[in-house]
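J.: The structure's right below; bear with me while I get my questions together.
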Amino acid sequence: MRLRLIAVGSRMPKWVEEGWHEYAKRLPSELALELVEIPLNTRGKNADVARLIRQEGEAMLSKVQPGERIVTLEVHGKPWSTEQLAGELDRWRLDARTVNLMVGGPEGLAPEVCARSEQRWSLSPLTLPHPLVRILIGEQIYRAWTVLSGHPYHK
């Protein structure tokens, strides 16, 4: 099974890359966790933000192949407990399609991305910094895998 985090934003601090890779490498080879970065469009004082978000959304969707699952991370998505995420991970594994977890830029996801989403997931009702979200997703996917595999990491 292949899980991809498609996220707007690049050139993250080293601690973000290290945190992401720490959890990605802990997963078994049959559960590949990949990161695809979409460059954040420059937002100037007079920028047409709606157009920039639409362009970022198009770039995100261009990374998704037909038939792949899209799961958007949204403030108004469904909150999952660790056990619920483990259940979703197991269903995704049985479905055998690539799963694309979509994280938008500072203003969120393009409506076109949300419209293609099969599931909407909320990490928290809090506003979280995007660099931290990457690590949090990696850790939670790893934790969900440990629940499914009986690993003692999740106690």
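Just so you know, glycine gets a Cβ as well, placed from its N, Cα and C.
Pulled these features from Swiss-Prot for this protein:
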BINDING   Leu73, Gly104, Leu123, Ser124, Pro125, Leu126, Thr127, Leu128  S-adenosyl-L-methionine binding site
J.: Within 10 Å of each Cβ, count the other Cβ atoms, then let me know which of the binding-site residues Gly104, Pro125 comes out lowest.
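T.: Candidates: the binding-site residues Gly104, Pro125. Fewest Cβ atoms within 10 Å: Pro125.
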J.: Give me the count of other Cβ atoms within 10 A of the Cβ belonging to Ser124 (S-adenosyl-L-methionine binding site).
T.: 10
J.: Can you give the largest Cα to Cα distance in Å, as a whole number, for the residues Leu73, Gly104, Leu123, Ser124, Pro125, Leu126, Thr127, Leu128 that bind S-adenosyl-L-methionine in the record?
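T.: The widest Cα-Cα gap among those binding residues is 16 Å.
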J.: Using a 10 Å radius around its CB, how many other CB atoms surround Thr127 (S-adenosyl-L-methionine binding site)?
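T.: Its Cβ has 6 other Cβ atoms within 10 Å.
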J.: Across all chains shown, how many C-beta atoms besides its own are within 10 angstroms of the C-beta of Leu123 (S-adenosyl-L-methionine binding site)?
T.: 18
J.: For Leu73 (S-adenosyl-L-methionine binding site), name the DSSP secondary structure in the helix/strand/coil scheme.
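T.: DSSP assigns Leu73 (S-adenosyl-L-methionine binding site) to strand.
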J.: I want to check the contact list for Leu126 (S-adenosyl-L-methionine binding site): same chain, sequence separation of six or more, C-beta distance under 8 angstroms. What comes out?
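T.: Result: none.
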J.: Can you check which residues sit near Leu73 (S-adenosyl-L-methionine binding site), meaning Cβ under 8 Å from its Cβ, same chain, 6 or more apart in sequence, and list them in order?
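T.: Residues satisfying the criterion: Leu101, Met102, Val103, Arg120, Trp121, Ser122, Leu123, Val133, Ile137.
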J.: Just how many other Cβ atoms lie inside 10 Å of the Cβ on Leu128 (S-adenosyl-L-methionine binding site)?
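T.: Excluding its own Cβ, Leu128 (S-adenosyl-L-methionine binding site) sees 13 Cβ atoms within 10 Å.
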